[in-house]
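Asker: Pulled these from TrEMBL:
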- 27-48: transmembrane segment (TRANSMEM)
- 69-95: transmembrane segment (TRANSMEM)
- 107-125: transmembrane segment (TRANSMEM)
- 137-155: transmembrane segment (TRANSMEM)
- 188-206: transmembrane segment (TRANSMEM)
- 251-273: transmembrane segment (TRANSMEM)
- 293-317: transmembrane segment (TRANSMEM)
Amino acid sequence: FWFFKFLVLVGITVGAFYIPDGTFTSVWFYFGVVGSFLFILIQLVLLIDLAHSWSQRWLRNADQGNAKGWYAALCIITFIFYATSIAAIALLYVYYTKPEGCTEGKAFISINLILCLIVSVVSILPKIQEAQPHSGLLQASLITLYTIYITWSALANVPVQRCNPTLLVRNGTSSATATEAPTTWWDAPSIVGLVIFILCTLFISLRCSDHPQVNKLMLTEESGAGAGAGPGGAAEEGGVRRAYDNEQDGVSYNYTFFHLCLLLAALYIMMTLTNWYSPDESSQVLRSPWTAVWVKICSSWAGLLLYFWTLVAPLVLPDRDFS
């Protein structure tokens, strides 16, 4: 029923322009906040998987030959990530804090800096290295860099002009905003966020993970490997692995979860394109609320906690297979 689906899609799109201003816009903002938070967590899972897979592949190549070259590449990339993070932290302190005031910004930057230091140290502890030989500073440096980006994005939503030089102001029709200087809608955190979204989409599309749980999240057919022949399954014929794409009886992925991820991605793009701003009571001006700041900061803490769990899980649950 593709024809009717497209008709419904066009009807919904056109109908959205006729939604009256008022309660719907304010309520839908919070739907976008929750959906975006969940999608950021999905991005964090993909990023952590990318970091672990990246390190494992390069260390495997080092064991097979030209070890000095691969180890040198690991050190260079790790140094670049940490150097960029340190420079970014310094810039955040310079531009998003003041000697007096801006307490929230100072606290957010300092807390995330301390947490990044903790996970970096934990990633190279002997106990962790023994349980996970591939664990190292490359993963920690990538997670640190992404955490600093999330912190920057959160500080760009602080609704205090003195503590946020990138706060966007849009002139409305009311006289109260007539004295505010208009600025461009696009800011750097939003552009970087869109780039990361595109890279995550490519990451999902072009590769399958080494971890079955991530394959289920990324909705790849490899997650059903070993199920045998049939819809979405695979079979061995003469030693050759053959995949089947027969969706007559059902799809090879979780249909509901797939569309839920698309919904969350759409909400994330919606919030990014509007800079996480919400309409004021008169619906004349979009303003940055503290809600967006706390959602982003909490997502950065959730990402660090998730990465920390991937490090200590083999020690906490020794009976489980984390290979």
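Numbers run from 1 along the shown chain.
Placement of Cβ uses the backbone N, Cα and C atoms for every residue, glycine included.
Nobody curates TrEMBL annotations by hand; they come from automatic prediction.
Keep in mind it's a predicted model, so treat the numbers as computed, not measured.
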Asker: Can we call the transmembrane segment (107-125) and the transmembrane segment (293-317) in contact, meaning three or more C-beta pairs below 8 angstroms at a sequence separation of 6+?
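Answerer: Between the transmembrane segment (107-125) and the transmembrane segment (293-317), contact is present.
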Asker: Can the transmembrane segment (251-273) be said to touch the transmembrane segment (27-48) if we require at least 3 CB pairs below 8 Å and skip pairs under 6 apart in sequence?
Answerer: yes
